Amino acid sequence: MSERMSERTDEQSAERTAEWTAERASDAAGGQAATAPSGQPADDAGPALLSVTDLSAWYGEARVLTDVSVTVAPGEVATLVGRNGAGKTTLLRSVMGLHKQVKGAVALDGRDLGRRSPDARARAGIGWVPDDRGIYASLSVEENLLLPPVVHDSAWSMEKVYDHFPVLAERRDFPGTKLSGGEQQMLAMARVLRMGSRLLLLDEPSEGLAPVIVQRIGEIIREIKAQGVGVLLVEQNVTFARSVADRHYLLAQGQVVEHLSNDAFAARESELLTHLGM
Amino acid sequence: MSEFIQYTLQGLAAGGFYALSALGLAVIFGVLGVVNFSHGACYMLGAVIAAVLLAELSLGFWVALVVVPVVMFGFGVLMERLLVQWLLALDPLYNFLLTFGLTLILVEAVKLRYGVSGLPYEIPAGLGGQVTVGSVNLSVYAIFACVFSVVVCIAVGLLMTRTRIGMIVRAATEDAGRTRALGINVGRWVTPVFGFGIALAGLAGVLAAPTRAITAEMGSNFIIILFAVVVIGGLGSILGAVVAGFLVGLVEAYGVAYAPAYAQIVIFVLMAAVILVRPSGLFGREEVA
């Protein structure tokens, strides 16, 4: 830990994390150790769909991720929780191959993706839903759905998509960006499901949406999870994250500072969020 | 009134050349992010090749209309493979400078071989003369050029809106990185799109050949106006390129007819006015920060 700390540039946050680590150590020593070990989920929960190992990322000289390791199993939802600038989106972009200044390994089904291009990664089964939803204005709703190739036989048919998202069927001929924010989010998720992506990278799907829509998105996540799709979810809305996730990675200053099961996270939520500064 | 109609027709015919070329410029910019300064030179090459086909091989206008776009497509593919692709990862200015340099080379090479005086090219048989509609005499070739440009623009429009290739080009034009992340090998489309854009400039050149002085310099003024067209229509907008092409053709024709001293200025006044009201052009999307 101290080794990593020395690499920090932001002294204040280093201090905060140091404090926190010390606290937790004393907690453990004080006989409250139960939370920590049981809260730390086992990593051997079956073969990983996605495994990110010691990933570091830079923007020019600035290091935004430091030795981040994350796994997602099939049918599992793991979240990345952390404040703005913690490196969550960069992590998703690195997994997608869109951020190139990286070191470390990203593997899908145990196969290293190396320097493979974003399109090769998408065809291997990674579906990216960016934080701005990434809907094309010059494509109709239906074209937005049909654009990506079908990459896996678990892909949703158009009938299934329209069955699950009737609003998209109604507006199939509308330009994609004429939809409301919630509808665009549905479209962005439906688009990667129609591709047959087996790993979804969801970047703040609940952001700026009405509670009823957020609830619907939660239902969809639980449903695709039941179908064996793995989800890596970036979320600032902790209540929502807790309602869908199995595990949580807490990111601060580009590092994973905690890795918790959903129950352990729920039990310590307010404490953890205070420490993250959220 | 009859004069006004004649100017309108001339404007629409010239606008057709602009529209076709701007269409090429727009798809290249959209998919590659390259501002192709050599587009005017490619237009000039189209006209020169048509003239050379006629003079040296006795191949007429109709053959040139088919052969020149094919040759220019090949030229575009070579240009992209040999030169443009190596600079794609760098600042867009590098490719702008590259194509600027290429323009100088092409213009000088044509001068070296064919001199500075215009090459002869006549209006093809059957398209010469005038037709009288009511009391107005209209040039048959201008009508042909105008209709032909519109048909090609519609065909390209259908290609863009009704085919999968068109869908991919539209998506990549909006955001190439995101389109890659959706599993589409955008790189595979880069070369054909570049060739296609250059072919459209060549086609415009053939179409202009019978009505313009065919010289090495004919693209120099053309490219400047073409940039105005693209700015007015909205950079990267395909519909905008076509509409602005015809609009600028009309404005230029009326300018030449009614205010010859200000003919060139009018286009740029129009451009300035459009930028003031809509900074991203008539059909451009607002930049999202």
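Don't overthink the numbers, they just go from 1 along the chain as shown.
Glycine is treated like the rest: Cβ placed from N, Cα and C.
Predicted automatically and left uncurated, TrEMBL annotations should be read as such.
Pulled from TrEMBL:
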type	residues	note
TRANSMEM	B:12-35	transmembrane segment
TRANSMEM	B:47-73	transmembrane segment
TRANSMEM	B:93-110	transmembrane segment
TRANSMEM	B:138-160	transmembrane segment
TRANSMEM	B:189-210	transmembrane segment
TRANSMEM	B:222-251	transmembrane segment
TRANSMEM	B:257-277	transmembrane segment
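Long-range contacts of the transmembrane segment (B:12-35) within the same chain, counting only residues at least 6 positions beyond its ends with a Cβ under 8 Å from a Cβ of the stretch, are 42-43, 80, 84, 88, 92, 95-96, 99, 139, 141-143, 145-146, 148-150, 152-153, 156, 169, 172-173, 176, 186, 189-190, 193-194, 196-201, 203-204, 207-208, 211, 222, 225-226, 229-230, 233, 235-238, 240-250, 252-253. Here the transmembrane segment (B:189-210) does not lie next to the transmembrane segment (B:222-251) in space: the count of CB pairs under 8 Å, restricted to residues six or more apart, is fewer than 3. The list of residues near the transmembrane segment (B:138-160) in space but at least 6 beyond its ends in sequence, with Cβ under 8 angstroms from a Cβ of it, reads 5-6, 9-10, 12-13, 15-17, 19-20, 23, 123-124, 127-132, 166, 169-170, 200, 203-204, 207-208, 210-211, 238-239, 242.
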